[in-house]
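K.L.:
First the structure, which I've put down as structure tokens, then a few questions once you've had a look.
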Amino acid sequence: MLRLGALRLRGLALRSSQGRPSSAGLREGQESPPSPPEWKDRAETVIIGGGCVGVSLAYHLAKAGMRDVVLLEKSELTAGSTWHAAGLTTYFHPGINLKKIHYDSIKLYERLEEETGQVVGFHQPGSIRLATTPERVDEFKYQMTRTNWHATEQYIIEPEKIHELFPLLNMDKILAGLYNPGDGHIDPYSLTMALATGARKYGVLLKYPAPVTSLKPRPDGTWDVETPQGSVRANRIVNAAGFWAREVGKMIGLDHPLIPVQHQYVVTSTIPEVKALKRELPVLRDLEGSYYLRQERDGLLFGPYESQEKMKLQASWVAHGVPPGFGKELFESDLDRITEHVEAAMEMVPVLKKADIINIVNGPITYSPDILPMVGPHQGVRNYWVAIGFGYGIIHAGGVGKYLSDWILHGEPPFDLIELDPNRYGKWTTTQYTEAKARESYGFNNIVGYPKEERFAGRPTQRVSGLYKILESKCSMGFHAGWEQPHWFYKPGQDTQYRPSFRRTNWFRPVGSEYKQVMQRVGVIDLSPFGKFNIKGQDSTQLLDHLCANVIPKVGFTNISHMLTPRGRVYAELTVSHQSPGEFLLITGSGSELHDLRWIEEAAVRGGYDVEIRNITDELGVLGVAGPYARRVLQKLTSEDLSDDVFKFLQTKSLKISDIPVTAIRISYTGELGWELYHRREDSAALYERIMNAGQEEGIDNFGTYALNALRLEKAFRAWGSEMNCDTNPLEAGLDYFIKLNKPADFTGKQALKQIKAKGLKRRLVCLTLATDDVDPEGNESVWYKGKVIGNTTSGSYSYSIQKSLAFAYVPVELSEVGQQVEVELLGKNYPATIIQEPLVLTEPTRTRLQKDGRKS
């Protein structure tokens, strides 16, 4: 069997040429001589950390024209996680826009050697993900429809083709493969040195060893960065310090939710069957075996991801800090932890049984709770940016460097990547939570990725609503920015288990009942996870007029407004409620809380507005009451007249519901008659109980976010993050009603939007109906017309009113007319779809207005 050879590395302090695949030992990209001992007292940008990501950012900033870029590295370039990485590169990612990051990385790596003259050791033999279960085949089909509208080259291939590409495989269990021809691996050391050469060429000062000893923010937003060599005053700093990132953050009072994880890989000696091949083997990913395997010279390199029970966190570093001298060292190897993966690999690739181990590498990689990196500006600290938490730093480095460079230079992200926003974490993200989630994320590295996936480690956090104890045994909870929120409710005798699937599963019928509950009677939903901000001060109206594309509502009223980027893209959607003269309540989605708050705060500081901005998200609970009997139920509990003529649509009032103070806004994302009731979080349980008791005669019941999604789609309500984000402008998203280009204020994005309108749109958001079987669109599926991909869905659901699937989709303007026939790809099959007149179901305010108009006529 696979056995240890003469060279067995057990916890030695290795130099950069040891404990690595032999390609790194060759030093193909040998570093150029160190930069001269110069120093800069001023810099536009200071980057902290000389790993692959930090050097990539320096390279991209300088190449794009930024002068005075300084990179500070505490020891030497690649120290930390870069030098010992396995160097895998892949076009594949289950996320949508992260595919662009991977694409940009690979395209950079393909041309970098020619540009810099530095060999980078880039191999592109392709890669194959193996499916050995029917569920995995479904996952491949699911990922194909999410990829077909991108530039990525990707195919599902049959076992015969897999064996042709990788003839050393045992084919007994293999059902299919997901094949990316351009995938491969690169030498991380050589790559970093090539980027460093390019960075120097464009004027970057790379200083090492130059450990940062303190960071001091100045009143004007600049920073004093202290090192033993001297101080640099920077307009901005970027923390790209790898597993040292927490230490850097702590210098300014931040505790970044990161934890080092031990990851091992094994390198074998020459294997005769590998040596005899005439071409390099593709990288192999055995997903059920949870390992990757690639050719390393004439042997193989094999890296497993252990289960969360067996994997090892470097928790002592979180508790006590990274050992001061740790840079190019490794941990002691532990083959016992990976025995089951070794056995799985030997079964799948039998030649491994005869191979000798010549290297075992066990080094630290840094995980965030959800395994995705944290990239962008940080809320609450001016001009502090991060590029940290890279579990897959090599494939992300090139693309993230370009992405962050574009954002810094142009004032907005080049495309939407809110899943990487460092502000997705908040004070609720404790060390205990981070450890639990990192363990789960590592152990789940290769599990099947279902839509509507939930992961349960570290839950609940301290951020539970006042209804959690009441509702937890009645529903399936979802996780939203630290909050627990009901997705769907079950009744006695119904299946209550979490059963993820690519098809309709056990939530389908209960959600249909909740839909009918809201449409025919009255329902209650916990909306406490909303982000909530209080803005007041003498310049509050001017600030919001500058930020929002809609007009500012009158006192006592509410509207929907959008904050746009300078290029006219939709940065955020807000509910703006004018509570009293100069005082506003702003509401945003749970996942956008700190993302939106940072944008608002930055605009306030940059414009010198005299305002007070408070994040009151954790102070307020929110209950939504919706349905034809909503008014009847609430009227029993208040002396306030809730009639249509007195409490108008979009009006806001302070009142009492059964002696509990609330701010009531007549609005509902269901599109039905409804109110959102904002109240002290400690009053949530009492308010809920009194509303439920009052509504017994009307048949009141709960509903969750799955039913809410079906209801809002039928009303053609857009959702931020799906129908609109930093990839879309509001005109193509059909938000014209909310965009007031004629308002006096020169709001952010106004001029760009005028140009977009003058040039005309290339695509448009449309509503589709589909006749499917047991599968519904989720969003990001490919839309086909005459054998070509012409667009993509953004979100979808089953419509319980017409018993068909419903979806939003972007299609070319010339194919956007009502009645146009297209196809939507779901799980490998193209289903006929028809563009319909939206909305499918009129909203309650529209129905009421039409009834009144009819009576008048």
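If you go along the chain as it appears here, the first residue is 1 and each next one adds 1.
For all residues, glycine too, the Cβ spot is worked out from N, Cα and C.
What Swiss-Prot records for 52-53, 73-74, 80-88, V212, W244, 390-395 is FAD binding site. Sequence annotations record features per position, and here Swiss-Prot assigns (6S)-5,6,7,8-tetrahydrofolate binding site to E573, L574, T575, Y669, E676, L677, Y678, Y737. Per Swiss-Prot, tele-8alpha-FAD histidine is recorded for H84. Here Swiss-Prot flags K161, K328, K353, K469, K516, K757 (among others) as N6-acetyllysine, drawing on similarity to another entry. Annotation comment: Swiss-Prot describes K310, K427, K469, K516, K648 (among others) as N6-succinyllysine, evidence class similarity to another entry. Sequence annotations record features per position, and here Swiss-Prot assigns region 'Disordered' to 15-39. For 1-43, the entry in Swiss-Prot reads transit peptide.
Show me how these features fit into the shown structure, please.
P.N.:
Neighbours of F390 (FAD binding site), defined as other CB atoms within 10 A of its CB across all chains, total 31. According to DSSP, F390 (FAD binding site) sits in a coil region rather than a helix or strand.
Just so you know, the Cβ of L574 ((6S)-5,6,7,8-tetrahydrofolate binding site) picks up 25 other Cβ atoms within 10 Å once every protein chain is counted.
Cβ neighbour count for K161 (N6-acetyllysine) (all protein chains, 10 Å cutoff from its Cβ): 15.
Under DSSP, K310 (N6-succinyllysine) is assigned to coil, being neither helix nor strand in the three-state scheme.
K353 (N6-acetyllysine): 13 other CB atoms within 10 A of its CB, across all protein chains.
Its own atom aside, the Cβ of K427 (N6-succinyllysine) has 11 Cβ atoms within 10 angstroms in the protein chains shown. The secondary structure of K427 (N6-succinyllysine), as reduced to three states from DSSP, is coil rather than helix or strand.
There are 10 other Cβ atoms within 10 Å of the Cβ belonging to K469 (N6-succinyllysine).
Long-range Cβ neighbours of K516 (N6-acetyllysine) (same chain, at least 6 residues apart, Cβ-Cβ under 8 Å): Y800.
Secondary structure at K648 (N6-succinyllysine), as computed by DSSP, is coil.
Around the Cβ of K757 (N6-acetyllysine), the number of neighbouring Cβ atoms within 10 Å comes to 15.
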K.L.:
Can you check what DSSP calls T575 ((6S)-5,6,7,8-tetrahydrofolate binding site), collapsed to helix, strand or coil?
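P.N.:
SS state of T575 ((6S)-5,6,7,8-tetrahydrofolate binding site) = strand.
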K.L.:
Looking only at DSSP and grouping its letters into three states, which state does Y669 ((6S)-5,6,7,8-tetrahydrofolate binding site) belong to?
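P.N.:
In three-state terms, Y669 ((6S)-5,6,7,8-tetrahydrofolate binding site) counts as coil.
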K.L.:
Given L574 ((6S)-5,6,7,8-tetrahydrofolate binding site) and K353 (N6-acetyllysine), what distance in Å do their CA atoms have, once rounded to a whole number?
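P.N.:
Pair distance, Cα basis, whole Å: 60 Å.
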K.L.:
Which recorded positions (K328, E573, Y669, L677, K757) fall within 10 Å of H84 (tele-8alpha-FAD histidine) by Cα distance?
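P.N.:
So far as Cα distances go, the recorded positions lying within 10 Å of H84 (tele-8alpha-FAD histidine) are K328.
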K.L.:
Specify the secondary structure state of A85 (FAD binding site) as given by DSSP, simplified to three classes.
P.N.:
coil
K.L.:
Taking the Cβ of K648 (N6-succinyllysine) as the centre, how many other Cβ atoms fall within a 10 Å radius?
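P.N.:
Other Cβ atoms within 10 Å of K648 (N6-succinyllysine): 12.
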K.L.:
Given the binding-site residues F390, G393, T575, Y669, L677, which lie close to K353 (N6-acetyllysine), meaning Cα to Cα within 10 A?
P.N.:
none
K.L.:
Quick one: of the modified residues K161, K427, K757, which has its CA closest to the CA of K74 (FAD binding site)?
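P.N.:
Ranked by Cα distance from K74 (FAD binding site), first place goes to K427.
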